[in-house]
Every structure is written in C-alpha cells, then in structure tokens.
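Data first, discussion second: the structure below is written as structure tokens.
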C-alpha cells in the first residue's frame, strides 16, 4: 500500500513489509491523466519513488471521464489523447447539474477515504521548468527601411533570429562599398560639369 514515510521507515524490515503490501493497494485512488500535475506527496526526504508516491483523490470530472475516455478511444482508435481530452472536456460542460451530481458525490466519498487514509497529506504540485522564450515569434516578419545601394532601392526583410546577423553583415558590406560607390558615382558628374564649363567658355 502507499504510505507517507519518514526517516525511520527506511529500515530493512519496513522496506520488506512495504514491498509485500505494494500489490494490495485499492484501485480507486488514481488519476486519469498520468502526465498531469495531479501527482503526489513525497516522502520525508523530498524524493519521489514508486512506493512513496501518494496520488490525489479523483475529482468529479476524473471519475466521470474514466469510462468515457475508454469508450471514446475504442470508438476512435486514430484519435490522439489530446483530442480525446478536449472532447471529454466539452462533453462534461454540456452535462446538466443533475447529470453531474452522482460523480460529485462519488468524488466526495473518495476524498473522505483519502483523508482518513492519509491524514497528513498535503498536495505539492511539481514545478515545470520554464522554457526560454524566443525574441521573435516564428511567423514574424519585420519590414526594414529601404537602403540606397548604387542608386537602386532594394527592399528586404528580417525574419526570426537571423535579423541581427543579417543586418550586421549588410552594414559591414555597406561600410566598405559606400566610399568606392560614392567616388565612382561622382566621377561622371564632375566630368559633365567640366565639359559644360568648357562649352560655355567657347560660346562666350
């Protein structure tokens, strides 16, 4: 059976007795979704092992969804577990209070049994590790200002995390190319200016 243990329960005699009693646990106290946070109370050392784990009593929805989940899974073998959960949540909301009442009563009975069996039980949910958030969403597109390169306008966009790297490369290229381009673009203008001045002197 599941027990809340302390530091004195780790003797060989107690460990052997717990292993013999492990297969006699009632099938009432289990959660419908094994991957949820409705986990357990840990032992005295803060570690969770197979025998130290005490699950929360089922609520009314879990009591109702036990048989419903099996039924939906058998009728729709290709349906994913997440889709089944969404469907069950919708179906539960559509039930009337009278239809839900038997399951609330059963959940209350299970809660009382759990309280009598584990008087010192306290629910401690597991903390989920935070995932690093991206600076830009995957589908974002930032339209940048147009840049004047060799007298031609070229619009471009930055996407995702490559924006800074692309912009730095473009700025590096422009810093090297702009002086040469500026000089080459000014040469024809100076030539035309000198030619115009010579023609003007000849006419006068």
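Placed from the backbone N, Cα and C atoms, the Cβ positions cover glycine too.
According to Swiss-Prot, the feature DNA-binding region maps to 54-122, an assignment based on sequence analysis. Summarising the annotation, Swiss-Prot assigns compositional bias 'Polar residues' to 175-187, 194-204. Positions annotated as region 'Disordered' by Swiss-Prot: 25-52, 169-204.
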* Asked: For the DNA-binding region (54-122), what's the model's average pLDDT?
  -> 92
* Residues of the DNA-binding region (54-122) by DSSP state, where helix covers H, G and I -> 51 helix, 2 strand, 16 coil
